[in-house]
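Peer 1: Below: one structure in structure tokens.
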Ligand code: NDP
Ligand code: MG
Ligand code: MG
């Protein structure tokens, strides 16, 4: 494993570059503000009339249209939702890309799956924080950063790695440490993680536990506390101290029960399914399915999103979070 810290970065390499950050959402806002505060020359490229435009101006950023920003920049760092990048790149960015420019991302999706194919005369790089944009910003303001990844797909100028690391440093990532990876590894492991463990697996596990208790006649509020609310306490403990630290902190009853029962919930069959899901990521099945979904205006996604909001655990959970002061009424 190769890990980079602040001292490994030659900040001079990006110092004289103009960086267009395209998009001002979760990552765009956090990363571009950090880069600007670190002294880099940053332009934010946005569509006029979108909700980000005024927000970026109010934050004091230098805002231009996507076309103007792309034309002015040496480095174009694309932080739009992944499913929009192909079209925006083709129509609004590609016409302004010049030899020696750098095309940069925080997720390898569009390059790895061949949806965006820049010419051979530009750098293709990625640096990605391992956390949401809001945390990228708050940790930076606290004088630290969150860890990240860096990858070089194409090095046309010979200094692509230092360009990517220079931006990662300005965002605060090399304060914590940046691990070198490839577009393929980052894309496939990121999709696998969010599908099977983090987003998909975890919510399915929580829901199954909640439903089991409610169907057995227990109060939904109690079921919510036991199967959802407390997840954060356990995850925080594992995050800071590892599994062994967590086992040490819970009661012996919880430790014995968990160690003897956990493998009955997540079984060999679960792992076999994880392997099948990984296969669908690797062979392009998932990419095709998601492209088809977006081609039909994400109709299935919208329906699943609405159904999820109607789930008992969501209704009960929101009521309880408001009652306990964990969430505000209007959120
Ligand atoms: P967001 O969904 O927050 O991006 C929203 C921004 O994109 C807004 O400024 C919006 O502008 C603009 N936008 C959306 N659609 C279009 C369009 N069709 N044309 C022009 N502008 C558009 O994205 P994220 O920050 O979540 O993700 C950005 C990248 O970072 C992705 O590659 C993602 O995988 C990666 N990433 C995200 C992480 C996260 O925690 N969110 C973590 C690590 C990587 P407007 O206001 O005008 O609609
Ligand atoms: Mg992801
Ligand atoms: Mg308990």
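Placement of Cβ uses the backbone N, Cα and C atoms for every residue, glycine included.
What TrEMBL records for this protein is below:
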- 107: active site (ACT_SITE)
- 24, 25, 26, 27, 47, 52, 133: NADP(+) binding site (BINDING)
- 190, 194: Mg(2+) 1 binding site (BINDING)
- 190, 226, 230: Mg(2+) 2 binding site (BINDING)
- 251: substrate binding site (BINDING)
- 1-181: domain 'KARI N-terminal Rossmann' (DOMAIN)
- 182-327: domain 'KARI C-terminal knotted' (DOMAIN)
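Mind running through what each feature is packed against?
Peer 2: In the three-state DSSP scheme, residue 107 (active site) falls into the coil class.
Counted within 10 Å of its Cβ, the other Cβ atoms near residue 25 (NADP(+) binding site) come to 14, all protein chains included.
Within 10 Å of the C-beta of residue 190 (Mg(2+) 1 binding site) there are 20 other C-beta atoms, taking all protein chains into account.
Mapped onto three states, the DSSP output places residue 190 (Mg(2+) 1 binding site) in helix.
Residue 251 (substrate binding site) carries neither a helix nor a strand DSSP state and counts as coil.
The average pLDDT for the domain 'KARI N-terminal Rossmann' (1-181) in the predicted structure is 98.
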Peer 1: Go through the binding-site residues 26, 27, 194, 226 and pull out the ones with a Cβ less than 6 angstroms from some atom of ligand 1.
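Peer 2: With ligand 1 as the reference and 6 Å as the Cβ limit, the list reads 26, 27.
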Peer 1: Out of 26, 52, 190, 194, 226, 251, which binding-site residues have CB atoms lying under 6 Å from ligand 2?
Peer 2: 190, 194
Peer 1: Near residue 230 (Mg(2+) 2 binding site), how many other Cβ atoms are within 10 Å of its Cβ?
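Peer 2: So the Cβ neighbour count for residue 230 (Mg(2+) 2 binding site) comes to 11.
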Peer 1: Among all chains shown, work out which of the binding-site residues 26, 27, 52, 251 has the most CB atoms within 10 A of its CB.
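Peer 2: Answer returned by the neighbour count: 27.
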